[in-house]
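Residues or ranges marked as disulfide bond in Swiss-Prot: C36-C61, C40-C57. The N-acetylalanine annotation in Swiss-Prot covers A2 and is backed by a large-scale study or a structure entry. The annotation motif 'Twin CX3C motif' is assigned in Swiss-Prot to 36-61.
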Amino acid sequence: MASPIPVGVTKEQAFSMAQTEMEYRVELFNKLAQTCFNKCVDKRYKEAELNMGENSCIDRCVSKYWQVNGMVGQLLSAGKPPV
């Protein structure tokens, strides 16, 4: 369910904000995927599927990435008034 548009924000501004947020999320996902893949998957593929070690590594990597991303977000928004 979408959030209501904040008071004083036009629909065009809200659309622009949503578009910026979507671009940020896509970039975040791409960086996460690239970082964890490079860290956890061997450069020379031996099997078509991820092995158990690679699976565990990717799981931990993604978990840590999201945890740090949340911490950074909280720190950045700590001094800002709510929108």
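The chain as shown is numbered from 1 upward.
Placement of Cβ uses the backbone N, Cα and C atoms for every residue, glycine included.
As a summary of secondary structure, the motif 'Twin CX3C motif' (36-61) carries 15 helix, 0 strand, 11 coil according to DSSP.
Taken as a whole, the motif 'Twin CX3C motif' (36-61) shows an average pLDDT of 91 in this prediction.
Taking only the Cα positions, the spacing between C36 (disulfide bond) and C57 (disulfide bond) is 8 angstrom. Across the structure, C40 (disulfide bond) and C61 (disulfide bond) are spaced 8 Å apart at their Cα atoms.
In sequence order, C36, K39, C40 constitute the residues six or more apart from C57 (disulfide bond) in its chain with CB-CB distances below 8 Å.
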